[in-house]
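Annotated in TrEMBL:
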type	residues	note
DOMAIN	1-220	domain 'G-protein coupled receptors family 1 profile'
REGION	1-23	region 'Disordered'
TRANSMEM	56-78	transmembrane segment
TRANSMEM	117-139	transmembrane segment
TRANSMEM	168-191	transmembrane segment
TRANSMEM	203-222	transmembrane segment
């Protein structure tokens, strides 16, 4: 999930400046929610009023509910059972069909490609790319503006936003790198059934999808100081059984180009 996006913006002390713009309707996907929230935080001084903890919790709960519905769709009937039964009857076999427990034998590739990939993965991913391009453009535009006497150094105000945007863009890049190979292999399976897919490529693609969940905390720990300090405190307290020194609430600011 992308809840640390909101906390990261607040913990890093990112100033919320610029004209307010209404956000696009939420699509119920956690990554789109996180990216749009970070986009709104960079643009809107009303961010903290609009994105309340209760609304964030409702949005995240909606993401999880929608994810369950999408993930459990094959159990509602969109699977290969009917095709297996037809093949079983065509062979003159009697009784219940024997189903080989393999992913591609059970799960419909039409579901994986048309519904899962083309509806719930690819469009939000492309939308997120466009959102982050706009975020980088707006930050660069602010950094290049002349500074008035009242606004101070723009690097002080927008350097942290740039650093946070880079961290979240890295999260998005790792997500695409981890999930696109498997979805591309699924497309090959559907559109080119006669094409040979080396098993090693399938195993690597599956490994990448599982490893993606472990990447986000590592990226946050390396890119955001307070997240890193908290992560080390949890590690020392619960895994090394060595109490860590108390966290200083007034941590020194990191340079934006760190």
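Cβ atoms here come from the backbone N, Cα and C positions, even for glycine.
Where the annotation comes from TrEMBL, it is an automatic prediction and has not been curated.
Most Cβ pairs under 8 Å to the transmembrane segment (203-222), among the stretches 56-78, 117-139, 168-191, belong to 168-191. Long-range neighbours of the transmembrane segment (168-191) within the same chain, counting only residues 6 or more positions beyond its ends whose Cβ lies under 8 Å from a Cβ of the stretch, are 2, 5, 31, 34-35, 38, 104, 109-110, 112-113, 116-117, 121-122, 125, 128-129, 132, 136, 197, 201-202, 204-206, 208-209, 211-212, 215-216, 219, 223.
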